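What follows is one structure encoded as structure tokens, with my remarks underneath.
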Amino acid sequence: MKEKVLNCIISPGSSQDNKDDMQGYRNLNIQAALIGGVAFPSEAMSEELVVSTPYGDVTVYLCTIGEKKVALLPRHVGNNGHLPPHMINYRANIYAIHKLGISRVISTNSVGTMKNHPVGSFFLPEDFVDMTRTRPSTFYNDRTVHADVTEPYCPEIRKLMADYLERTNIGYSEGVYVCTEGPRFETRAEIRMMRQFGDVVGMTGLPEAVLAKEMNMCYASICTITNNACGLGNGKMTVSDVLDTLDKIKERLQDILASVIYALPETPSCNCRYACSDSEL
């Protein structure tokens, strides 16, 4: 697999945004990014890119879905093995996608249900509650920028997902995603509290969604219900249960993602690109 190293540094939100340097990366013509742990066939990956950002280097793999070039970004991959959710470099990941000129991002997430959704079904978040505590959550520590997150998940991509799931009779639900710090599972008391305002609970959805908004990206997530949340199922919470469910739905999830990416229109019709318009003091 050929490796290419990209070294340009971009200042997010700047008026010029180093457009001359960016143009070379936009010429790669990558139409979308997939973030998550879904293992696409290695033979579909044509190139490996190591993208340098102010927050660290990010390895991105390229593949082709239909006629669209797609960047695959494995969220949990680190130098020393599997990264726990609270140690993922979310800023570097989103910055790298921005640097490659990609404006559409689809995230895959594993979640526990707090509302008795069937295990193995899918969930499309329409809003979130962020209960993380220690993660760097913005690109704007030196400037005051209030990104609009009225619609944190791109309505256009969400509709493409929902249309495909309905057309193929695949079970899914919609609602509020609650993100916790991890890496431990939640307590029964925490779940009793969170189920009053949320539907599913996970550990990787934030601050990823907010960072994408700060980059004016179209961002949407498709979650897999891998288990019942603590106190709502039978017995001990185990990683084995999560992995078993993911293994069973992997091919179906790949089909969903491929179909949605194939159906992406050339020009977005949503307002995601205006999330940071008139937002700076």
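Even glycines carry a Cβ here, placed using N, Cα and C.
Under the heading domain 'Nucleoside phosphorylase', TrEMBL lists 33-261.
In the three-state DSSP assignment, the secondary structure recorded for Thr204 (phosphate binding site) is coil. For Thr204 (phosphate binding site), the count of additional Cβ atoms within 10 Å of its Cβ stands at 25 [all protein chains shown]. Marked as phosphate binding site by TrEMBL: Arg75, His76, Thr204.
The site 'Important for substrate specificity' annotation in TrEMBL covers Glu186 (among others). Secondary structure at Glu186 (site 'Important for substrate specificity'), as computed by DSSP, is coil. Here the Cβ of Glu186 (site 'Important for substrate specificity') has 23 other Cβ atoms within 10 Å, regardless of which shown protein chain they belong to.
The substrate binding site annotation in TrEMBL covers Met203, Asn227, Asn228, Ala229. The DSSP secondary structure for Asn227 (substrate binding site) is strand. Cβ neighbours within 10 Å of Asn227 (substrate binding site), excluding its own Cβ and spanning all shown chains: 22.
Packing around Val239 (site 'Important for substrate specificity') is summarised by its Cβ count: 10 other Cβ atoms lie within 10 angstroms of its Cβ, all protein chains included. Look at Val239 (site 'Important for substrate specificity'): DSSP puts it in a helix. Taken from TrEMBL, the feature site 'Important for substrate specificity' covers Val239 (among others).
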**Message:** If I take the Cα of Val239 (site 'Important for substrate specificity') as reference, which of the binding-site residues His76, Thr204, Asn227, Asn228 has the closest Cα?
**Reply:** Asn227
**binding-site residues (Met203, Ala229), the one with most neighbouring Cβ atoms at 10 Å** = Ala229
**Complete:** Model confidence for the domain 'Nucleoside phosphorylase' (33-261), as mean pLDDT, reads 93
